[in-house]
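Novice: One structure, as structure tokens, below. Some questions next.
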Amino acid sequence: MKSLLIVLVILLLSYNAEARKCRALALSGGGDKGAYEAAVYVGLVNSLPKEEVQYDVLTGVSAGSLNTLGLSAFSPEEVEEATEFIYGLWASIPDYKAFGNWPGGILQGLFFKKGIFDLNPGRVWVADNLGDRVIKRKASFATVDANGATYKVWDYNATYDQPADWLDSAFASSSIPAVFPHVTRGEYELVDGGVIWNIDIPSAIRRCKEIVDDDKDIIVDMVLCGNHRIKEVDNLHKYSTMQHLLRGHEISSFYNGMNDYNSSLALFPDVNFRYLIVPSESLSDSFLPLDFDQKTVDKCFEVGQKDAKNAVELGHGIYGEVALDYVEKINLGHDVWLHEMIDEKLREIQKQPKSESQ
């Protein structure tokens, strides 16, 4: 009997070791498209079994850091609570201001402040929603030290308290250079992590290695919310320096993010890169990527949930393959649309016998 118990214990331990996986969610920068990321999370929750969206690790860059902050206030098992919070966070933004002008206007920002716009209204928005919630899972916020031009990632663990610099790290990661004030932390002058990498996949894997030993036990979902097809305008020559700066930032963010994803596929061949989800269509009619009005938020909610549902229906890795194919075609000058390519792939998958589909 004793021998039988020992065997059962060994088998149980072996099963648990084999079953343990680390799930990570990597969220990119994207200006006013943070609501899209929140909607993708909601869409994944609605499309997958609960255990498949119990993320152990969260990483964020820029707008993605605000979502990382919000989601990290809930344990992996608190899926419904996290969903309600993150949806409510972005639903509330039209009632607040994500940023504001200084009392002296843009000129005060240009010559006497660290950024053209004041980010304190955004801090009030997030702090009001966050309240006294504490951190309940691993989270990492990517920034760039403007002094040394180095990538600085700020790691947090499930300490069940509210770290003094937790909110600060999220906003440091969101501070687009010159547009918003940088955050001073000791010897570092911290700005938007998207200056170097617009999505922090390596940190997601690194933090998962704190939980599991084998790359094969790591599952990563990724959301890029940069605008893949920039709104064309007839009078671009009339736009201001600020408008050109923000346009350039949005153009680079999507392509940099896709390059980061492609590089990660090569660097970590054993990791299960499950879903890469990017906006299948334009999320805003605005020329500038800082439009937080109700219309934009509603569009982000609609498209994000639809894209998440489609990614799950396509199967592991397929949405990412279509997105990479889309980027290649765009770079070759083809007139293609991502939502049409996704719809075509869905029809192709649906025609396959079930044994062949993902």
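In case you wondered, yes, glycine gets a Cβ from its N, Cα and C as well.
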Novice: Of 60-64, 230-234, 245-249, which range does TrEMBL call motif 'GXSXG'?
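Specialist: Matching range for motif 'GXSXG': 60-64.
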Novice: What range among 29-34, 353-358 does TrEMBL describe as motif 'GXGXXG'?
Specialist: 29-34
Novice: Who are the chain neighbours of the motif 'GXSXG' (60-64) in space, where the CB to CB distance is under 8 Å and they lie at least 6 residues beyond its ends?
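Specialist: Contacts of the motif 'GXSXG' (60-64) (Cβ under 8 Å, skipping residues fewer than 6 from its ends): 26-34, 37, 139-142, 170, 173-174, 176, 192-194, 197-200, 223, 225.
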Novice: Can you tell me how far the Cα of Ser62 (active site, nucleophile) sits from the Cα of Asp192 (active site, proton acceptor), in Å?
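Specialist: Ser62 (active site, nucleophile) and Asp192 (active site, proton acceptor) have their Cα atoms 6 Å apart.
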